[in-house]
Structure formats: structure tokens, C-alpha cells
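Peer 1: Please find one structure pasted underneath; my questions will follow.
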């Protein structure tokens with residue numbers, strides 16, 4: 001019963017907030033942000049445990065698998081531009097991976113946090129399922145990693161467009177690689193609004209960053225920690 | 001009478017579209033579970049969805065499956081992609097310690113690191129991309145040059 005209620009209410013809220021976003025297209029109004037905040041507030045106010053909510057939430061989360069597979073479609077459609085810029089995309093991905101790891105490592109060292117927090121935050125630019133697996137591998141706290149992954153995604157979706165505008169990232173390839181490698185699927189939601197080229201380069205970047213990151217993150221920990 | 005018929009045709013069209021989307025999501029699910037199976041069988045430390053994605057791209061490239069068989073389902077799922085991230089994101093409420101001083105500092109660090117990554121990656125990629133493009137244009141020009149010499 002609770003399962004159906006969670007799924008239905010989430011879908012209804014999502015549709016309403018999507019309509020609202022179409023009317024007021026401000027970055028802070030993206031349906032992911034608004035629906036999440038309202039859901040979290042409802043759970044807190046009515047004192048519903050997250051585990052109870054997840055009985056229904058799981059159903060929606062299960063769709064993430066086929067939805068990630070679906071990204072093969074824009075990837076296939078745009079294979080010409082990807083092949084044309086393969087060296088730029090590949091080198092961009094490595095730059096993104098290294099910049100992400102080095103900056104979070106440096107910042108957290110500077111703040112002086114516990115090692116377990118550090119290991120939890122390192123996989124933040126990998127897509128949720130990979131990020132959580134890597135976190136477990138290196139000794140982080142996987143559900144908390146999921147939260148950091150989401151924050152990295154939100155940054156790409158909400159502030160990313162400002163970086164694109166003021167940083168003068170004018171090409172589909174640079175936008176796709178930058179957002180896809182730093183902000184994974186959540187960032188892709190925003191890239192979709194730029195166009196299919198951005199979206200396909202972005203989904204390729206997300207996928208490859210996950211693949212490269214699954215090997216690179218543990219290696220980084222082994223070398224520097 | 002006429003409008004009733006049109007409404008009927010409209011309804012049939014929508015119904016067929018919904019069925020097509022559902023069947024195509026089924027095909028995407030098959031690829032997903034293929035990916036999950038391969039990952040658990042070979043013990044690869046990767047999520048099944050990424051392997052499924054790669055399998056589907058390869059199937060499309062090698063024409064094992066027509067793009068028409070998945071495009072409506074894929075388009076629909078990508079359109080509502082955000083919806084599937086919501087449950088994981090709501091998980092924040094289980095970590096009140098994130099709202100402590102250290103927690104907030106870590107969040108700030110994640111935000112800063114992500115912003116720096118986006119900017120640095122985008123900027124360098126753009127520079128490399130322009131060089132790659134210039135090189136290709138040079139190559140094309142050289143080819144043309146040879147042709148005129150010949």
C-alpha cells in the first residue's frame with residue numbers, strides 16, 4: 001500500500017513540478033530539486049523513516065538501470081560527432097577525472113577531515129551505482145557517497161549553466177565532457193536542454209568516467225593515502 | 001459522427017504509442033539484465049547498467065537491432081530520467097551529521113571541486129578540440145593541395 005502511495009505521489013509531484021519549471025525555468029526550480037525537497041520535508045514532518053519510503057522508492061530507483069541503458073540511443077545517433085572528436089573527448093575525460101580527484105583530496109586535506117569522510121567523498125563524480133560500489137571498495141560509507149554524488153550532480157545542473165556561460169564554453173564537446181565527467185546523470189538532465197550533441201557527448205563522458213573511475217579511484221587511494 | 005471517429009483514431013494512436021513504449025522499455029530492460037548478468041558472472045567492478053549501455057551501442061552499430069526498436073522507449077525514459085534519481089536523493093534525511101560544521105565544510109568542498117572540474121575540463125577540452133579540428137582541416141587542405149599539384 002505504502003509502496004503504491006510513494007510511487008504515485010512522487011510521479012504526481014514530479015509532473016506538477018515539471019509544469020511549474022516550464023513556466024518558471026529558473027535553475028533552482030528543476031523538478032529534481034523541488035520534488036526532492038518537498039518529499040524530504042514531508043518525510044521529516046510526518047516522521048516517516050527513509051527505509052519505509054524506500055519500499056516504494058525502490059520501484060522508481062529500479063528504473064535507473066534501463067534508463068542508463070537508454071542513453072545508448074543519443075550516443076548511437078551522434079556517433080559521427082563522437083568519432084570526429086574522439087581525442088578531445090578522451091583527453092578531456094582524463095583531465096576531468098584528475099581535476100576532480102585532486103581538488104576534492106586537496107580541499108578535504110586542507111579542512112582536515114577524517115579519512116573515512118575523505119574516502120566517502122572521493123567517488124563523487126561517478127554515477128550513483130558506480131560511486132557507491134567504488135566507495136565500498138575503498139572503505140567509504142556508500143549511502144553517504146550517494147549524497148555527495150547527488151550534490152556534485154546538482155552543482156552541474158544548477159550552477160553548471162553559469163560556468164558554461166561565463167567560462168565561455170562554446171562547443172557541444174566541451175560542455176558535454178565538462179558536465180558529464182563532473183556531474184554524471186543529474187548534470188545530463190540539464191545538458192538535454194542544450195541539445196542532442198551535448199547530451200550524447202555527456203552520456204559518453206558519464207559512462208566512460210564511471211568505467212575509468214572504477215579503476216582510477218582505488219588506484220588514487222592506493223598511491224596517495 | 002465524424003469527430004467521434006477522429007477521437008477514436010486518436011485514441012488508437014495514443015494506445016499504440018503507449019504499448020510501443022512499454023515493449024521498448026522491456027527491450028532496454030533485457031539489455032540491462034544482460035549487463036547485470038555479465039558483471040556478476042565475470043566479477044567486473046562496474047554497474048550492470050553501464051555494461052548494458054555499451055552492449056546496446058554495439059548492437060546498434062553492428063545492426064543486431066534496429067534503432068526503431070528502442071527509440072521511443074529510450075526517448076521516454078531519458079525524458080523522465082530525473083524522476084528515477086529522486087528516491088536516492090531523498091536519502092539525505094538519514095544523515096543529519098551532514099548539517100554539522102564538518103559536514104557543511106565537506107559539502108562546500110564537493111561543490112568547489114565540482115565547479116573547478118567543470119571549468120578546467122571544459123576550458124582545456126575546448127582548446128584541445130580546436131587543435132584537433134584545425135589539424136583535420138589542415139589534413140584536408142593538404143590532400144586537396146596534392147590533388148591540384150597532381
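Every residue gets a Cβ built from N, Cα and C, even glycine.
Found this in TrEMBL, in case it helps:
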- A:6-21: transmembrane segment (TRANSMEM)
- A:28-53: transmembrane segment (TRANSMEM)
- A:59-76: transmembrane segment (TRANSMEM)
- A:88-111: transmembrane segment (TRANSMEM)
- A:144-164: transmembrane segment (TRANSMEM)
- A:199-224: transmembrane segment (TRANSMEM)
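Provide an account of the burial state, proximal residues and distances for the features listed.
Peer 2: If one looks beyond the transmembrane segment (A:6-21) by at least 6 residues along the same chain, the residues whose Cβ comes under 8 Å of a Cβ in the stretch are 29-31, 34-35, 38-39, 53, 55-57, 59-60.
Only residues 6 or more beyond the boundaries of the transmembrane segment (A:28-53), in the same chain, are considered here, and those with a CB under 8 A from a CB of the stretch are 2, 6, 10, 13-14, 17-18, 20-21, 154, 157-158, 186, 189-190.
Proximity of distant same-chain residues to the transmembrane segment (A:144-164), defined by a Cβ-Cβ separation under 8 Å and at least 6 residues beyond the stretch ends, is recorded for 27-28, 30, 32-33, 120-121, 123-128, 131-132, 134-135, 175, 178-179, 182-187, 189-190.
Outside the transmembrane segment (A:199-224), and at least 6 residues removed from its termini, the chain residues within Cβ reach (under 8 Å) are 71, 74-75, 77-78, 81-82, 85, 89-90, 92-94, 96-97, 101, 105, 119, 122-123, 125-127, 130, 133-134, 137-138, 172-173, 175-177, 179-181, 184-185, 187-188, 191-192.
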